[in-house]
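So Swiss-Prot says this about it:
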- 94: active site, phosphoserine intermediate (ACT_SITE)
- 20, 21, 22, 23, 24, 25, 26, 27: ATP binding site (BINDING)
């Protein structure tokens, strides 16, 4: 049997990189996919941007250089896990397109997933009120408000979370990754 490019190979890991604004649904989708893949017996790990920043990138700020360093660190860890057969789900804003391309180019079997929701939707979802504070100028360097978010131009999968449910998003992810729905 011949495998297609996006089908998982036995003993071969992959990296699924979820990118998008804060509140778009990256962690929600990645967590739901993690649960589904775990239930199917897939060796899978979730690297959440907030957890990595807290544990591996403590001390970094939110300058472009610091954000790029954080993304590169996440990519390094994801690559190590994937080389050992793990399916790695990365949930990180990763706002700069060039840095994402650079990191993804070093990873085995990368899939870029653009988790997309308009600013008004992510603002409504923001229970901490960070977007409102950023829009009022109280939080500097806030991605999507006072700092840029460079959306992928050609992601492998584009999920509009204001139009689909988490369950539908997971179905689309499973199908795209070759696991069936």
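Keep in mind that glycine also has a Cβ here, set from the backbone N, Cα and C atoms.
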Could you state the whole-number distance in Å separating the C-alpha atoms of residue 20 (ATP binding site) and residue 94 (active site, phosphoserine intermediate)?
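Computed Cα spacing between residue 20 (ATP binding site) and residue 94 (active site, phosphoserine intermediate) is 7 Å.
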At a 10 Å cut-off from the C-beta of residue 22 (ATP binding site), count the other C-beta atoms across all protein chains.
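Result for residue 22 (ATP binding site): 23 other Cβ atoms within 10 Å.
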Restricting to the chain of residue 27 (ATP binding site) and a gap of 6 or more, list residues whose Cβ falls under 8 Å of its Cβ, or answer none.
18, 48, 50, 91
If you count CB neighbours within 10 Å, which one among the binding-site residues 21, 24 has the smallest count?
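Least crowded of the binding-site residues 21, 24, by Cβ count within 10 Å, is 21.
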For residue 24 (ATP binding site), what is the secondary structure state per DSSP, taken as helix, strand or coil?
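The three-state answer is coil.
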Taking the Cβ of the residue listed as 'active site, phosphoserine intermediate' as centre, how many other Cβ atoms lie within 10 Å?
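Excluding its own Cβ, the residue listed as 'active site, phosphoserine intermediate' sees 29 Cβ atoms within 10 Å.
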What is the separation, in Å, between the Cα atoms of residue 24 (ATP binding site) and residue 94 (active site, phosphoserine intermediate)?
13
Checking the contact step here: among the binding-site residues 21, 23, 26, which have a Cα within 10 Å of the Cα of residue 94 (active site, phosphoserine intermediate)?
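Within 10 Å of residue 94 (active site, phosphoserine intermediate): 21.
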Which are the residues of the chain, 20, 21, 22, 23, 24, 25, 26, 27 excluded, whose CB is within 8 A of where the CB atoms of the ATP site average out, their centroid?
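For the ATP site, the extra neighbours are 28, 93, 115, 117, 122, 161.
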